[in-house]
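As recorded in Swiss-Prot:
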- His197: heme b binding site (BINDING)
- Cys44-Cys120: disulfide bond (DISULFID)
- Cys77-Cys82: disulfide bond (DISULFID)
- Cys126-Cys324: disulfide bond (DISULFID)
- Cys204-Cys235: disulfide bond (DISULFID)
- Asn213: N-linked glycosylation site (CARBOHYD)
- Asn262: N-linked glycosylation site (CARBOHYD)
- Arg71: site 'Transition state stabilizer' (SITE)
Amino acid sequence: MGLVRSLCLLITFLNCLIISVHGQATARPGPVSGTRIGFYLTTCPRAETIVRNAVNAGFSSDPRIAPGILRMHFHDCFVQGCDGSILISGANTERTAGPNLNLQGFEVIDNAKTQLEAACPGVVSCADILALAARDTVILTQGTGWQVPTGRRDGRVSLASNANNLPGPRDSVAVQQQKFSALGLNTRDLVVLVGGHTIGTAGCGVFRNRLFNTTGQTADPTIDPTFLAQLQTQCPQNGDGSVRVDLDTGSGSTWDTSYYNNLSRGRGVLQSDQVLWTDPATRPIVQQLMAPRSTFNVEFARSMVRMSNIGVVTGANGEIRRVCSAVN
């Protein structure tokens, strides 16, 4: 009987493991007081469904909101923590800072908030809506979902000057490492999270310096010659700097690992991306993430949970905004 019972327990464990593997990535939240999986289970049980439906509707109208919301969450967390301060509008707020001027998807977050206030007034924070929406955009672009710890409250301060430390398109690996490390993220988190560039675009004005004038040369020598000619056609030297180019050439709207493969071929659009391949500190990680049995999806989920717990406001601090674009 003991043997039979042990076998039954083993089978039960394996069944649970299979469900976990084929469902969503099992990323667990870090030790942050106040955030947990299912925070709104009793106070607003349909919270995640309402957010998901709002994101689905926004994506159906304009698929560009997927990389926009993902980037918005990243920028929110990197400036005084994941407190929804990126969502506040007005003069000299984070939204007006240079790196944030082209962010898309604010209307999706506002729509979700309106519906949540109707269903559960004063319960769900804008910071949590943004964290949940970022996860949902990955799913919509054929990525793998994960469990998002919730329970954040909203910050009351949003200053454009605080956005100066956001990672930039010309940053070296060393500079990127410094910026990530300052927030408790390591080099692997850096390479994994930047893999979010598998969806989205960049304006020609952001990287055109690589195409025509880099350190006295005609172009950045790390760019594949064929790709260089392609980029120069898309982004002429005196052309419109607002023209958008896929960050993951050939697969710019699908969540996959081709972004890393492009780096290995000298086809990274941003300088800060391409150096992940040329720098020996990060190249081995890129090689692992582009491998046939890549763990990118699982690792991205884990790093997103780590990032989403940066500097969160919980407990009696902060507030639950009535509208995401303004403090109460």
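Positions of Cβ are set from backbone N, Cα and C atoms, glycine also.
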Cα-to-Cα gap, Arg71 (site 'Transition state stabilizer') vs Asn213 (N-linked glycosylation site), nearest whole Å: 28
Least surrounded among the disulfide-bonded residues, given as Cys82, Cys120, Cys204, Cys324, when other CB atoms within 10 Å are counted: Cys120
Disulfide-bonded residues compared (Cys44, Cys77, Cys126) - the one with the fewest other Cβ atoms within 10 Å: Cys44
C-alpha spacing of Cys82 (disulfide bond) relative to Cys324 (disulfide bond), in angstrom: 14
Site with most surrounding Cβ atoms, counting all protein chains shown within 10 Å, from the glycosylation sites Asn213, Asn262: Asn262
Nearest of the recorded positions (Cys126, His197, Cys204, Asn213, Cys235) to Cys44 (disulfide bond) - Cα to Cα: Cys126
Rounded Cα separation (Å) that holds between His197 (heme b binding site) and Cys126 (disulfide bond): 24
Residue among recorded positions Cys82, Cys120, Cys126, Asn213, Asn262 with Cα closest to the Cα of Cys235 (disulfide bond): Asn213
Cα distance (Å, whole number) from Asn213 (N-linked glycosylation site) to Cys77 (disulfide bond): 33
Spatially closest candidate among Cys120, Cys126, Asn262, the listed recorded positions, to Cys82 (disulfide bond) (Cα to Cα): Cys126
Spatial neighbour of Cys120 (disulfide bond) that is closest, considering only the recorded positions Cys126, Cys204, Asn213, Asn262 and their CA atoms: Cys126
In three-state DSSP terms, the structure that Cys204 (disulfide bond) belongs to: helix
Nearest-integer angstrom distance between the alpha carbons (Cα) of Asn213 (N-linked glycosylation site) and Cys204 (disulfide bond): 14
